[in-house]
Structure formats: C-alpha cells, structure tokens
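**Student:** One structure, as structure tokens, below. Some questions next.
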Amino acid sequence: MKINSPLEAYKYLPQTNCGECGEPTCMAFASKLIDRSGKTSDCPPLVKEKKYAKKLAELDRLLAPEIRQVTIGVGEKAANIGGDDVLYRHKLTFFNKTKMFFDVSDNMEEDALIERVKKIADFKKFYVGRNLLLDGVAIKATSNDPAKFAAAVKKVAEIGLPMIFCSFNPAVLKAGLEVAKDKNPLLYAANKDNWKEVGELALEYKVPVVVSVFNDLDGLKSLAKTFAEAGIKDIVLDPGTYPSGKGLKDTFTNFLKIRRAGIMGDTEIAYPIMALPLTAWMAGISDPVSASYWETVIASVFTIRYGDIMILHSLEPYAALPEMHLAETIYTDPRTPVSVDGGMYKVGEPDKDSPVFFTTNFALTYYTVESDISANGIVCWLLAVDTDGIGVEAAVAGGQLTSAKVKDAFEKAGFDLKTDTNHNTLIIPGLSARLQGDLEDTLGANVKVGPMDSGRIPGWVEKNWPPK
C-alpha cells in the first residue's frame, strides 16, 4: 500500500457523501480503505461513473498491497495468500494467515486416498471462539502418470478443498487441469527446465503457479520476472526448503531477503512465498514421531518468518495443532483485540435460582471462564461486559470496566437481577474486587467476590452457593 492516511485516499473519492457505500461520509469510507476493511468496489459512483475512472485506477494502484495477493481454489473455501504491507506486525498487521496444505499421493489406494482427504477436510479445533481448520490438499504425482494423477485429482476435487498439483512434468499437470478446470488449483512447479510449458499451462487455464529455483534468488527473481512479462500475475515463490544444517539457515535467510525486497518496493519479487516443511521427512529421520516434531519446528520457523503457504505431511494432532495455534496467534490483528459480543449468555439451561457471573468480552477471558464453568456442570448466567476486548484486570485499571459499565451491560441485555433471579446476587471476578461496593450501590444487589482464577469457580460455588 503506497498511502497510509485517509486524507490521501479521500482525494480520489467522489467526495459527495452519498452514503451508498454504507458510510455517512467519504472520509469515513476512506478510513475503511486504509485499514483494508473496505474495497473501492464498495463505492458505486466511483466504479460506475466514467468521470471517476482515472481516479479509481490510481486509487487501486495506491491501495494495492506491497506483496501480491494470490487466491487458490474457489468459493467460500478459497485460500488467499500474500497481501502484506509490512515486515513487522506491530507496524500495521499481517493479512491472510499462513495456509497449510497436507499431502496425498496419486499412488495411494482409492480408499486410503479418500480417507486421508476427508481427514484433512474434517480436521478442526475450537479455539477462542472459532474453529481452526486445515486449508487444502497437495496432490503429489508420485507415479508420474498423467492418467493416474487425473484420477486422483478427480477424487480429491469432490471434497471441495483448494488444491496444489505437485509435479515437474507438464503433461501430468495438464491432465490434472483437464479434470479440475474450474477449481483454480495452484501448479507446483515451474523450474529452469520446464518453465515454458508450465507457464503456458498457467496462461491457458488461468491458474496460479509456483516458480521454483532452489537457493538461487537471482535465478528465482529472473524466472518470476519472465512469467510476469508473459502476463502471468498470480505467482508464488519457492526458494527451496532445506530441512537441516546450513541448508536450513540459507532457507531462512532467503525468506528474509525475498520479503524485505518485496516490501521495500522490488515488484519483480513481491509475491507470496511457499515453504515445504514436509522435507523434514527427507532428512534421514527414521522415527515418525521425531520426523513430525521436526516438521512442526520448520513450519513454526516459517510461519513466523514470511511463509505464506506450506505443504506438510503429518496429520497427527501433536504436529498439526501447534502449527495451527501458532499461525492463529501470529496473524491476530494487534489493532483489534479478539472479542465476543457483549451480552448475557446461558451456560446450560439456567433458571431464576441459577448463579449470575460476569466477565469481560475479551475472547480468551470469556471462553476460558465459560469452559471452566460448563466443564464442571455449573448451570448459570454469564454476562460479557463490553470492555473493547480487554481482560478483567487491565480493564479495571484502565477504566474500561466500571460499575456503570456493568449496569449498562445488564440493561442492554434486558436482564434485571431483582426480577429475573430469586436471589438478587451477582458474582464478580476476584480481579475486580475493588468494584464490589460501587456495584452494590449501582445495582442494588448483593455482590459476592469470586475467585481470582476461573478454574477455582467450581470449588467456590460448592462452598458459597446458594447464598445464605
């Protein structure tokens, strides 16, 4: 992105405050463009009226991310990679979380192939209010047989996940494309030997393609430039992923050099980068658990340092879960704390005799409290107070959590302790104990201070509920 101020974007907008974009003013819409929560296409006059055509083209150019965004697959499950503007998250944020594709082989028996693909599609982990999922399937042409590869692609495509076609044989890639023309797969890969044929396939079928040159950044840049000049825009870079020793160090350095050059304005290499942690299985490690461990280490390194897409092998939870959790953490937007909607939530089927708790709407706090309560079979009411996504202790200290805020949260939820319960009692977090007196005055209720840690709620309830 070449501009970072709403004022700079504003001068390219119609400046009529028509409201067709859903914002009251063009300046408000400009702010959405800068934080990438809005698109130029959301402004109908800018798109439809010819007099704004030049402004639209220039604004699109200025708003384009430094690293090109590439889409793999189609529909709701399509995987977007790249699209970043900064080297360090705290300067803005990272966009498009690292995508994790898991391998299958066209040599697998049909039942085993379908079982593994379904396992990839069904793998999920509930984490801080959302389900973490795997992103796609990388189909390896181990047989080097076009017909066999096409048959495997056809089976995998039925599941609906984005796909990577893995072969250096253009005939094999073409066979896969013929049975998945409308699936927008990523081709892996074009190298110094097959670049012309693979490039022609990418142009003919309008699909993204990986350019692969191991440990030679000049060669990689040259090949990417050749493809771009031929009209291929959706390019992914593979500088090689060595699994150990000096090779791994060189790989790490190459990723840094590529991303730094792209962010600093070298458009010839400003593309998403592919990492291949599954090379850990080629490092001579005989024990599968140890190989999975090392694959996870490599995946972690390149999640933190600019790997936009990865091909992995191990689907064991002890390998996949750390990879998924790390990616989710690194790609959390630091500008906006992860939060849940404020309001009154039911844990189980509470009635008028059930206890009433409150916590803040910081997602990690809320789901920890909710989990500790529900896992121990406690039926209750749980109020999430909107503190702008800040945890209890920090919100009390910063003034985001006050007795007035709690009262307002009860009113917005339409919940009255006097009429909706038989006990008129509120249990508050131990870290907000200083609010007890104010809350009793503000709510006209009996306020009890709960434990400092939600894990102790079951023991506290056993000793202190119902109130005497």
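In case you wondered, yes, glycine gets a Cβ from its N, Cα and C as well.
What Swiss-Prot shows for this protein is this:
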type	residues	note
BINDING	Cys18, Cys21, Cys26, Cys43	[4Fe-4S] cluster binding site
DOMAIN	1-61	domain '4Fe-4S'
**Student:** For [4Fe-4S] cluster, what surrounds Cys18, Cys21, Cys26, Cys43 with a Cβ no more than 8 Å from their Cβ centroid?
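**Tutor:** So the additional residues around the site are Leu13, Pro14, Thr16, Asn17, Gly19, Glu20, Glu23, Phe29, Asp42, Pro44, Pro45, Leu46.
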**Student:** What three-state class does DSSP give Cys43 ([4Fe-4S] cluster binding site)?
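**Tutor:** Its secondary structure by DSSP: coil.
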**Student:** Specify the count of other C-beta atoms within 10 Å of the C-beta of Cys18 ([4Fe-4S] cluster binding site).
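**Tutor:** The answer is 14.
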**Student:** List the same-chain residues at least 6 positions away in sequence whose Cβ sits under 8 Å from the Cβ of Cys43 ([4Fe-4S] cluster binding site), in sequence order, or say none.
**Tutor:** Leu13, Pro14, Glu20, Cys21, Phe29
**Student:** To what whole number does the mean pLDDT across the domain '4Fe-4S' (1-61) round?
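**Tutor:** Reported value for the domain '4Fe-4S' (1-61) is a mean pLDDT of 93.
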**Student:** Going by DSSP, how much of the domain '4Fe-4S' (1-61) is helix, how much is strand and how much is coil, in residues?
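**Tutor:** When I sort the residues of the domain '4Fe-4S' (1-61) into the three classes, I find 34 helix, 0 strand, 27 coil.
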**Student:** Neighbour count, 10 Å Cβ-Cβ cut-off, for Cys26 ([4Fe-4S] cluster binding site): what number do you get?
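**Tutor:** Total other Cβ atoms inside 10 Å, all chains included: 24.
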**Student:** By a simple count, how many Cβ atoms lie within 10 Å of the Cβ of Cys21 ([4Fe-4S] cluster binding site), its own Cβ left out?
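**Tutor:** Cβ-Cβ neighbours of Cys21 ([4Fe-4S] cluster binding site) within 10 Å number 24.
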